[in-house]
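**Student:** Following this message is one structure expressed as structure tokens.
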Amino acid sequence: MEFIRIIPSQNPFLQSYCKVPTKGQPSTLCSKMAKTLSCKIGPSILNADLSQLYNESQKLIDSGADYLHLDVMDGTFVPNLTFGHPVVKCLRNKLPNTVMETHMMVQNPIQWISAMADANVDQYTFHIEPCDDVPLVCRKVKEAGMKVGLAIKPGTPVTSVEEYIDMADMILVMTVEPGFGGQKFMTDMMPKIELLREKYPTMDIEVDGGIGPNNIDVCAKAGANMIVSGTAVILAKNPPKVIKQLKDAVNKHLNKK
């Protein structure tokens, strides 16, 4: 049996993986065990220069990002198109040790599981709203060797995702309507995070949408430990400084819990 992959960056996200994947295979997941929450910052590349995707992604990792948040949209579940598994696979070939989460804003999430597993995606996050059989999709994602993320739109009650909580490695609470970057942050989504954190103290909770230094404190205080930030990081004059600000805010509140 092969054991934990040691990466010089000591990326906290990577520490959840037990086995080194063989060439061409996705990461194998640990069995669930007690864990300590850590802060993880995953910039969204949606507003990056996609003609320079590798260079933009490498710059984010060099700036202190813990993982990359890749927004996959099908033009049906959301009124926008981005990129699919061929682009993700090309990026993986360039960044073999970078943790990648695909945020699947798609109408039929089960359709793309095998393709994203083939692209060596680490976490497959999908929306429960269009999904007829969430447990089946969760099982297929895990069988494919990826972590499971469950996402909810602003209009979806947090109780809708709770029935699947035992199947999830992470819950994503959207603070904008999915589909486009640069939207205004919805503060009224914070009670969802607060409820999840109170009831599931060791669950990774991700927040995505309009997040930057001006509102990170409210997200961190509510209990989010995984932060997706797009425009605030991508368009910053000093991305490492912004990522550090985000991490410092989250760690401040994590250390109080």
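Note that Cβ sites are derived from N, Cα and C of the backbone, with glycine treated the same way.
Copied straight from TrEMBL:
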BINDING   SER44, HIS103, GLY179, PHE180, GLY181, GLY182, GLY210, GLY230, THR231  substrate binding site
BINDING   HIS69, ASP71, HIS103, ASP208  divalent metal cation binding site
ACT_SITE  ASP71  active site, proton acceptor
ACT_SITE  ASP208  active site, proton donor
**Student:** Return the residue, from the listed binding-site residues SER44, THR231, with the maximum count of other C-beta atoms within 10 angstroms of its C-beta.
**Tutor:** SER44
**Student:** Cα-Cα, whole number of Å: GLY179 (substrate binding site) versus HIS103 (divalent metal cation binding site)?
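**Tutor:** GLY179 (substrate binding site) and HIS103 (divalent metal cation binding site) have their Cα atoms 11 Å apart.
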**Student:** Fewest other Cβ atoms within 10 Å: which of the binding-site residues GLY179, GLY210 wins that one? Let me know.
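**Tutor:** The binding-site residues GLY179, GLY210 were compared, and GLY179 has the fewest Cβ atoms within 10 Å.
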**Student:** Compute the C-alpha separation of HIS103 (divalent metal cation binding site) from THR231 (substrate binding site), stating it in Å without decimals.
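**Tutor:** It is 16 Å, counting Cα to Cα.
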**Student:** Just to verify a number: CA distance, GLY210 (substrate binding site) to ASP71 (divalent metal cation binding site), in angstrom, no decimals.
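**Tutor:** Answer for this pair: 14 Å between alpha carbons.
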**Student:** Roughly how many angstrom lie between the C-alpha atoms of SER44 (substrate binding site) and HIS69 (divalent metal cation binding site)?
**Tutor:** 5
**Student:** Please report how many Å separate the Cα atom of ASP208 (divalent metal cation binding site) from that of THR231 (substrate binding site), as a whole number.
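**Tutor:** Checking the Cα atoms of ASP208 (divalent metal cation binding site) and THR231 (substrate binding site) gives a distance of 11 Å.
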**Student:** Distance between THR231 (substrate binding site) and ASP71 (divalent metal cation binding site) at the Cα atoms, whole Å?
**Tutor:** 13
**Student:** Would you mind checking how many other C-beta atoms are within 10 angstroms of the C-beta on ASP71 (divalent metal cation binding site)?
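**Tutor:** Excluding its own Cβ, the number within 10 Å is 24.
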**Student:** Would you list, in sequence order, the residues of this chain other than HIS69, ASP71, HIS103, ASP208 that have their CB within 8 A of the centroid of the site's CB atoms, where the site is the one recorded for divalent metal cation?
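**Tutor:** Nearby residues not in the site list: GLY42, SER44, LEU46, LEU70, GLU101, THR125, LEU172, VAL228, GLY230.
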**Student:** Cβ-Cβ under 8 Å from HIS69 (divalent metal cation binding site), same chain, 6 or more residues apart: which ones?
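**Tutor:** For HIS69 (divalent metal cation binding site), the qualifying residues are GLY42, PRO43, SER44, ILE45, GLU101, HIS103, ASP208, VAL228, GLY230.
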**Student:** Return the residue, from the listed binding-site residues HIS103, ASP208, with the maximum count of other C-beta atoms within 10 angstroms of its C-beta.
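**Tutor:** Result of the Cβ crowding comparison: HIS103.
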